[in-house]
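So the structure is just underneath, and the comments pick up after that.
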Amino acid sequence: MDLASVASSQTGRRNSRNIEQFAQHQKHSEYVVVLSQLDHENDFLSLKSASNIILQFELILKRCFFEINHVLLGHQAILPIIYHAILLFEFIQLLFFIFYKVEVVNEFTYSSYYHDLEGVSNQTNSSTTIDADAKFSTFRIDYYFAFTNFHMYILQQQSKDAFMMFHIVITVSFLLYVISIITLSKQIFKDERNDSLKEGMKYLVKFFSILMTVFLFILQIPMITIYLQGYLCEEDESQPYTLIGLKCYSLNHQLYIAFSTISLCLYILFLIIQSLLFTSNSFESSLPWGSLERRLSIMRVLVKFILACCFVWDKQGKIRGPVNLVCFILCSFLVYHRYMKAIVFKQSVYYAMMIYEVQQMWLFLCISVHILGDQKLNIVGFGLLMISGFIFGMIFIILTKRRTELMLRKDISQFKHVYEIEIYLFRIYELIRNNTTNDHFILHGILCNHMQSCTNEKCPCINIMEIQDNVKVNQADGREPIMQQFDNDINDANLDKIANQGQRRKLNDQSTKSFNTMGGSGRVIGTQNRLTINGISMNARTRRNIKVQSQGAWNDKKPQEKALSERKKKKQEIQWYRFLGILIEYAIEKFPKNLELKIINALIQNKKIKNEFKAIFELMNCELCNPNFQDQFVIFRRKIQIELLLKKNHQKNILEIGRIDIVQIFKYEKYFQQYSLLEYKTAYAALLFWRELLQKNVDSNVLQERGAEISENYQKIQELANKLIQIYPLEIKFYFRYGTFLYQIINNAYDALTYFEKIYYTYHGKMSKKAIPVNEMSIFGENSNCAIIMISATSRKTGNIIHVNDEVETILGYKKQELMHKNVSIMMPKPIAKIHDKFIDRYFDTAQPTVIDIKRQLFGCTNTGYLRTIRLLVKVYPHLSSRLVFVGFIQHMDKFEDMAQPKLEYQHADFQYLITDTDQNITNVTEGLNLELGLNSKFFQYSDSIFEILFNFQKICPEITQEEVQEALEEEGLILTIDTKNMLNHIELESLSSDEILEIRSKLGRYECYVQMKSLVLDKSFCTVHIYRICILNKVNESQIFSSFVKAMVSRLDEDPTDFGQISVMQGTASAELEELINQPSQLSLSSTTSGTYGFNKIIKDFKKALGERKTPRNLIYLNRLMVLFLTLNMILSGVDFGLKQSNIENYDCNNQQVLAIQNRILAYIHMVSNFRSLINIANGVEFDYYDIRLTNSANDWLMTSNQTLDRFKYLQRTILHNSEKLQTIHEFITQQRFSKDSQLDISNLIREKENEQIQLNRIQNSMNISQYKLEFRVAFNLYLNYIQDIIEINNKTGMKIPTELLKALPKNSPNMNKTNISINDEQKIIYFLLSNGFRDLRLFTYDLVQYYQNHTNTDQSGKQSMSIMVVGIITSLVCTFILIYQVVIIERNKVSILSLYGLLQIDEITEVHGKCDEFLEYLPYSHIKPKNNENNQSIMISQQIPNSFTKTGNYNASTTFNATQGFINGRVESQISEEEKEAEVYRQFIMKKRNTKKFKAQSRVNQLLKEQTPTEEKQKAIIRKTLEQVKEIQDAEQLQYELLRKKRQKDMRNRGKVVKKSSRKSLSTLNAKGDQPKAQDKNHNLSATKQRVDFKVPKKRDIIVDDTDSNEGADKVNNNDINLEMKDSNKFTADELQERTKSFQKQIKNVGYFKQLRRLGFGLTFIAYFIYIQTFQVYYQKQLSTMISSVSIFFNRYSNLMLSFNIQREQMLNMQLSPTQNLSTIDSLLAFEKSRIEDIFHSLAMNDQNKVNDLKVSYPNVLEQIVSLIKDTDSTEFCNQTKAYALSEGYTIDDLYQARLEINGYCAAFQEGLLSKGIQQVIGTFNKKFTDQQILLEQYSNSQTSSKVISDYLKAILKGQTSQNDQVFKQYFQVQELYFYDIIEEMTKIWQTAFQTQKSSIVTITQVVFFIFLTLLLILLFFVRGTMIQSMKNKVFLSRGILNLIPENFFDKNKESVEKLIKKLKN
């Protein structure tokens, strides 16, 4: 069976209607959007008009610039004196460009060239002519003006870096400023608009205004020049202000172009926008450069731009002449506009600007003439140019002033241009503002001039003259004024006392002359209107002049009349401004499309005349005329200023006690409209939700969607409800509506009861007050139920209704749809409605309120056309947008009291009202006159046709037009007879229905009435109405329209009213109880009598309360904290890791540099020691003293020998000095690195301790005794370098000679040394020290330091730290990720559990809730409570106006309520009925309706209580009644549940007791049989309780209107209820069905997608990947560094081992040559190196190093690419080509060694017959091979028996290089080592440094990028994603939990165990 069929009878008919209602409400919701956007439209720039994103972006920027400029202009800090300095600064800036490249001849001094020419001519006696200008010196004057163009100093340096730095600084500053003002614009503008700008922010705004001035004026030329300079490249270096080194089309040049283009476009755009906005045309502007002509600043910018372009692209000045001519034309245009149009409001500023601009124009012209005419300018000419330019400027100033004065002689109609009128108006404004005697004199003349030519009858100029001159001006024939004197100050007596006749005549002549000058335009104005004073003919003007000029004579006699009071002066000033406004309006009529005049008019109206509404009207007119960008900003500013004034008035108004805050009202209406829409949507979604549950196959996804929609809307409803309650905390109507919504839709009786309690106690708290003050708040405020209408007023349309509330329908009967976007006059009586727009226009013109902020008693017009007495209050909403909003409050009144009091005997009678025009034509009547007299409103629905016949009052009351009657009516009133018998003869009956005609005919007759009248003059010129108050006393005679038969038949109605049925009023017990509770509040107890908790389980109540509060669940709070902790921990871990990495990178870099330095130190040391040994050997004549290289450069003469070869001794001197200095630098670097790096504390201490170890050194004493001593290595090394430098300073070989025994450099005493008795000097001792220690312990310890350093830097101290960070990071990431995923799964599971709970609902429960939603939806638009519709219907029950299903009381309906059980024509055939009987039947039915209404009115007890109460109280009582019904319903349901639970417990207790006592099966079966009884009892109790609840909850129409069959119908109803309950029981689900239904729910609910889970898992994997990267990156980096460090020694040892092998061999050879008797073994022992035959060891190491290098060249890691590339170059044929580059890169600084190195390297290819031509690898291989050969030779000589002399000679020849070419290995090697190895080693060191630096840079870059990406990800997750994720999960929780709100509360009790389990689960 389809479960939907259970509810089809209730919902089938309403489905389509509900959907239609929802669609209609959706249409109506557009209005809600408009209303809610009014606050946003206060920005005056709506984004709605933008059709695409670009326009929206444009509007956003426009709004930002408008807002910030408004604030900056309001707080600008530039004084006029400062602006004068700025103008001077700009002028001097332009002078630089004007005189650029212009040479000025100094005619006062001769040039040196002239003296030379003169001397030559005297010597030669020639007649050579000399140019006159050539006699004198010249100079460039532009240099003297360059100080203001400070950017020229940057260009003058010709430095590309300095230019770029300045470019970046000034651009970044500009962009930061623009970004700052755009970013802060909204907040600053908001604070400024709310008048809450703090002092600190004010100072910041002033600083911004100063910066704006700087960028607009001072930096214009510098910034444009700098940006244009970026386009140039490869400029001529000889020209000034050029950049050097910037190549065209290079990357830098392209970047310059791009950067400059963007910056220039932005700055030019900024200049254009700000030049238009950062100015003012307001007459009151304090801005120094504010002007009527605001566009001249654009022209000034154009001139500067042209000059800057010309300077940048023509720095040679070739086209300066034509450019100056162009600038002259532009400046001429500028000066012309300044003269004709522009008026700067600061006079001194205007004069300065005029002088500067005329001066510029003149200079441009003259300089261009000089340049084009090739004429030179001298000093005198320059002075004349400047003076003449100043004179021309002064002439222009005088002409401008004279022109302005002449304008005052003209009438405004004589001007042909708008700019002339603007200047004219500003001049008049200045006269009024200055307020001096002479200014008043001129103003009077202008006023008289205007009066003479004025033809407008409505012009108030006469009134202004009356107030100003204290004279009455009467209208005579035509427009000619006649002035009559009434001021006592200038009567005849006073004039006689002042002066004699001659004096008066003189004054008259002077006044006439002055008048002709100032106000007459060549003629005397007003001379036709002369008055005679003591025989002298004077006009009004003359008398005024006499009064003004003779003031001094009056001072002595009447000091009390010396000056008017301040109040009078203020009044006169306002009148003058009124006159200025008149002139502006005349100008607007002449130029209607001009916006400037309208804006000026708005300014005067707002600031001076205090008519802000007319100012708004003018600004609205401006907006309709498509204003330009600048005018839009001016309109924007004017609106803001007016709005601030309105806000101040509003704030001042609400401070008064009892005043309404219109802003809060506006918010309340906006929120309430939003609430209404959401309420309907939520109810409709709930209806669909329950309807889906009624289906056989329930779609759980639909339930999820609807449930989510309900929960989301419910959340918004709660927020709106809180806002509404915050505004009106005691609003009964809203509490009732919200509580009903909670009870019927949300099923939250707990919260609903809370609001119902507030309703009840609020009502009785209000009723208990003895006296309520009568003010705006009590009448129109909270709980007043007044109608609120909002209308808009624009220049095009006024009175348009933009919003009404629900109470309009209550008071006037209109629905919202009938009023929206209609004119407000639709609710007014016809005479007022026709001219209401004129009232609004008049208010805009005069600003004199008639209803605004004034409580008025008026008449409204209902939707049926009848009058309704109302109280009206209108207020202005103090926020402006594109329209002005008026808010009207309407409250119903019983009587119209704004007229004379009636007679005493009629004061308590019922009055009706009637309105007529001045011709007594009736326009509107109250509904009571229709009910009593038959005056239907359709009688007075006139058309606009001139042929329309109006219904005149005289037709029914002929004496009404008599004058004496009219007078009496206006006083106490009269009793008049109103005769309506013939009324239908004057009416067109086509517009009336038959029922209406019948009703009217029944009321025709003559009536005696008490009548009063009031003439209401709304406007003297166009609106006067008559209001008649009518009290019907009695009916004189009835109508004769029915026959006697009909009357006889109808007479039975009076005798036996039971013939037509019994009419009674509900007298049930429930209503009696309600009335008692309403009137006796102390007896009410809304709490339950059973448990005191409304029968709810405490857990359920707390849980529902928690759902309402929407607190974040604890698990999400913990999860949020966990995520914060996790992300913070990750940031800390990543930060620590990043810090460690940076520290490690620095440590590694330091290690690398030290390793490289140590390697370089040992190699440089060996090289230096080898060179020093060679130098000493050369000095002692044992080695060759020249290289096989011939020098040709004369610069190298100091290195040449006699045969032009390279002197080895001198070359080695310079080289050793260079090597020692470099070695000293390396040693100091190593020392500084150790002591400066705290991060390397361990290794630094170890190295420091190692270097502090002592080594053994050799020294020789004076006795030629060699001794050893120990010294710290660090000290010894420094000592060695110092000794080297000391010896090198010896310039000759003789000073370096030492004894032979010392030359051997043996570390021990030899036998021959002890035999010699030679004295040695200190230099020889030092040389021995250097020779004996160089290759021994110093060299050995240096080698050991390298190995020691490498061994101690290979270990990584931070490896454990990185590993720990990785482990902690991975663990925390996994934990947090899985917790997050687990929480998401839990939320989804809870959602499944919650939705599965609905599977336990029974059909009857679903049907009941569905029916409630359906009923709620059907009548939701009428949920407000309507009061009585007319004054004569007060006794009708209020409850009848509440819709039946919504209010449970029913509407009054005549067709169903009045039941005619018996009639006199019942059962007869129609043909047997006569016409008279038919007529009687119609009349009988009509009388029945009328009688029934009267009886119902008389018998209603409720209306007897409400007879003297207002509609508001009636509505509130109806709300209270309905509230109590719902409370009673809740309490009954509670009682029912309580009884069920109690009986269930009793049953359980009985069962448990019986089980204990009886154990037999029979006893158990008996117990089970008895156990069924409580179930039946519970069922019966449930049935009876349900009946009781239904009887109270839904009082049907039979409960209100009961007839004879009441008891029978009641019985039938009970039976029907029984049947329905039985049907419901039969349709309940079984336990198996419920379980199956629940499982189907769970199967259909979709789980969260795997993609979302993987996405969350991806975040965790990202963190894990990062921490894994930490360790892997560390290992990778260490591996790279280890590879590089281990490779350093290979490349350096390649040379060092080779050097050591040859140098030790040389020591052996030298000792063998000096002691030929000793063999090689003896010499080796005497040399005492660390190992025997150490030369072979080094040779072997050198061979191994070469093999390693060869292997690396074949296969090498990427980190060695640069060094391997170098080795490949040096080992190839390119070596010689690279040696010169190596020398150039080295850069020698000692003497001319640099030149020698260049020539040496150039000789590389030819050296030793191409020895080096194939690269260094071949050379090393050759030397290694020959080393072995030479070592074999030494062995042979050592072991052979060759004579010592032969051995000595042969070895000497080898050392001297005097052997054959094949045996010169020794000489070849040391030449290569000394000439070529050094440059290779230095280049290799540089490459290693570059490689280490490149590796460091790449590592640092990767580390920083990865860290900052990870940190950015963490910050995004922490501040954005985390909150969004938690909020999303929170929303899911509440969307799923919110569905629980919909479950009926009795369901919770029936399924207590499962529900409590679920609730506890959700709460935990």
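Here the Cβ of each residue, glycine as well, is placed from N, Cα and C on the backbone.
What TrEMBL records for 81-100, 162-182, 203-228, 255-277, 319-337, 349-373, 379-400, 1363-1387, 1657-1677, 1899-1921 is transmembrane segment. Positions annotated as domain 'PAS' by TrEMBL: 799-847. Per TrEMBL, the feature compositional bias 'Basic residues' maps to 1544-1561. The feature region 'Disordered' is assigned by TrEMBL to 1544-1583. Look at TrEMBL and you will find 1572-1581 tagged as compositional bias 'Basic and acidic residues'.
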Contact ranking winner - 81-100, 162-182, 255-277, 1899-1921 against the transmembrane segment (349-373), Cβ under 8 Å: 81-100
Distant-in-sequence neighbours of the transmembrane segment (1899-1921), which means Cβ under 8 A and at least six residues beyond its ends: 1123-1124, 1127-1128, 1130-1131, 1134-1135, 1137-1138, 1141-1142, 1145, 1659, 1662, 1666, 1669, 1673, 1677
Remote residues contacting the transmembrane segment (1363-1387) - C-beta distance under 8 A, at least 6 residues beyond either end: 1115-1116, 1119, 1122-1123, 1126, 1129-1130, 1133-1134, 1136-1137, 1140, 1648, 1652-1653, 1656-1657, 1659-1661, 1663-1664, 1666-1668, 1670-1671, 1929, 1932-1933, 1936
Stretch in 81-100, 255-277, 319-337, 379-400 most in contact with the transmembrane segment (203-228), if contact is a CB pair under 8 A: 255-277
Intrachain neighbours beyond the transmembrane segment (162-182), with Cβ under 8 angstroms and 6 or more residues off its ends: 61, 64-65, 68, 72, 151, 154-155, 208, 211, 215, 219, 222-223, 226-227, 229-230, 243, 256, 259-260, 263, 266-267, 270
PLDDT averaged over every residue in the domain 'PAS' (799-847): 86
Within-chain partners of the transmembrane segment (1657-1677) [C-beta distance under 8 Å, separation at least 6 from its ends]: 1130, 1133-1134, 1137, 1141, 1144-1145, 1148, 1356, 1358-1359, 1362-1363, 1365-1366, 1369-1370, 1372-1374, 1376-1378, 1380-1381, 1899, 1902-1903, 1906, 1910, 1913, 1917
Residues from the same chain, set at least six apart from the ends of the transmembrane segment (255-277), whose C-beta lies under 8 A from its own: 65-66, 69, 164, 167, 171, 174-175, 178, 212, 215-216, 220, 223-224, 226-231, 246, 294-295, 297-298, 301, 305, 629-630, 633
Beyond the flanks of the transmembrane segment (319-337) by at least 6 residues, Cβ under 8 Å: 98, 100-102, 293, 296, 299-300, 302-303, 306-307, 310, 354, 357-358, 360-361, 364-365, 367-368, 371-372, 396
Counts of helix, strand and coil residues, the domain 'PAS' (799-847), according to DSSP: 30 helix, 7 strand, 12 coil
